[in-house]
Amino acid sequence: MSWQEKINAALDARRAADALRRRYPVAQGAGRWLVADDRQYLNFSSNDYLGLSHHPQIIRAWKQGAEQFGIGSGGSGHVSGYSVVHQALEEELAEWLGYSRALLFISGFAANQAVIAAMMAKEDRIVADRLSHASLLEAASLSPSQLRRFTHNDVAHLARLLASPCPGQQLVVTEGVFSMDGDSAPLAEIQQVTQQHNGWLMVDDAHGTGVIGEQGRGSCWLQKVKPELLVVTFGKGFGVSGAAVLCSSTVADYLLQFARHLIYSTSMPPAQAQALRASLAVIRRDEGDARREKLVSLIARFRAGVQDLPFTLADSCSAIQPLIVGDNSRALQLAEKLRQQGCWVTAIRPPTVPAGTARLRLTLTAAHEMQDIDRLLEVLHGNG
């Protein structure tokens, strides 16, 4: 089989399964509204959970940062790309979340890959929730360590896997809020079992940070858990992009030496770090509380109105509200019907989710209004 035949076969298989991914160029897509092909849609596919991507204070901070520092960082943080504003953001994140140190990364994917690649050796073991994000599972699969997966949120299964002999160290990996189901991990129970077996815990709280807990401190703070490694991202609750790893001073020093994604990547623009500082300020103050409270009300309105639809509603109290349809083709058709009626919704299919669980991944944001939720419910009931 030639290279082209190999590529064609893979694409043909995706097409046959109604699983071929496509991108749609949009003129506007992060907030309440999405604009595509000169048409405006109510946007129920954005991860901008607090509606901060268009916040004037954050936009102004980015502009001021660009005027002061330029539009790029100019290099890796180990060379010349680590500015005083990067340092200030790291210090503010560490203080906010109760850690000694924070290290900035260009994306959550890069942060997860960097930590696992740097920390794990051949004699070690990763025990990961089966539904962990692709960045975590791919990094675990590529690492020299042994990978074992436990049934989703099944602490008893996790305990059995941890109890089997391991010549090295054990790292338990999970998410705070799961990206495709919207449910939360039982972090306190997971941490207890992990500590009983002398392991470390790594939590990716991409979808909880900024959105839940006191001052938006996320899933771990809400459940009174402090993992050894906490990954937070800035493309969801913060409304920007990028990520950070929260850890001890010693672990931070170690990652600065051995995390290749950190060492060999151009750091985020200082202007972006300036915008993230402004976003963090909004998240922590009363305005952040008001946005979180509004989001909770919108979620409650949606869940109350969707109960009698002929779809499986995930057990989620988060901004992620999946309607599990099952069949790939049916999920695509339903998403298209909703778009025709002015609601932009994305169909998520395998391999992103398990086979037979194709779904509409609906996301609500504080930028929405109650009438937006009512319109979504009206359209769903008309196509249920």
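From the backbone N, Cα and C atoms, a Cβ is placed for every residue, glycine too.
Quantities reported herein were computed from a predicted structural model and do not represent experimental measurements.
What Swiss-Prot records for this protein:
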type	residues	note
BINDING	Arg21, His133, Thr352	substrate binding site
BINDING	Gly108, Phe109, Ser179, His207, Thr233	pyridoxal 5'-phosphate binding site
MOD_RES	Lys236	N6-(pyridoxal phosphate)lysine
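Note: the Cα of Gly108 (pyridoxal 5'-phosphate binding site) and the Cα of His133 (substrate binding site) are spaced 10 Å from each other. Within the set of recorded positions Phe109, Ser179, His207, Thr233, Lys236, the entry lying nearest in space to Thr352 (substrate binding site) is Ser179 (CA atoms). Among the recorded positions Arg21, His133, His207, Lys236, the residue whose Cβ has the fewest other Cβ atoms within 10 Å is Arg21. Burial estimate for the binding-site residues (Gly108, Phe109, Ser179): highest at Gly108, by number of other CB atoms within 10 Å. Cβ environment of Thr233 (pyridoxal 5'-phosphate binding site): Ser107, Gly108, Ala111, Asp204, Ala206, Thr209, Gly242, Ala243 lie under 8 Å away, each six or more residues apart in the same chain. Considering only the residues assigned to pyridoxal 5'-phosphate binding, Gly108, Phe109, Ser179, His207, Thr233, the longest pairwise Cα distance works out to 13 Å.
Geometry remark: Arg21 (substrate binding site) versus the residue listed as 'N6-(pyridoxal phosphate)lysine', CA distance 22 Å. DSSP classifies Thr233 (pyridoxal 5'-phosphate binding site) as strand under the three-state reduction.
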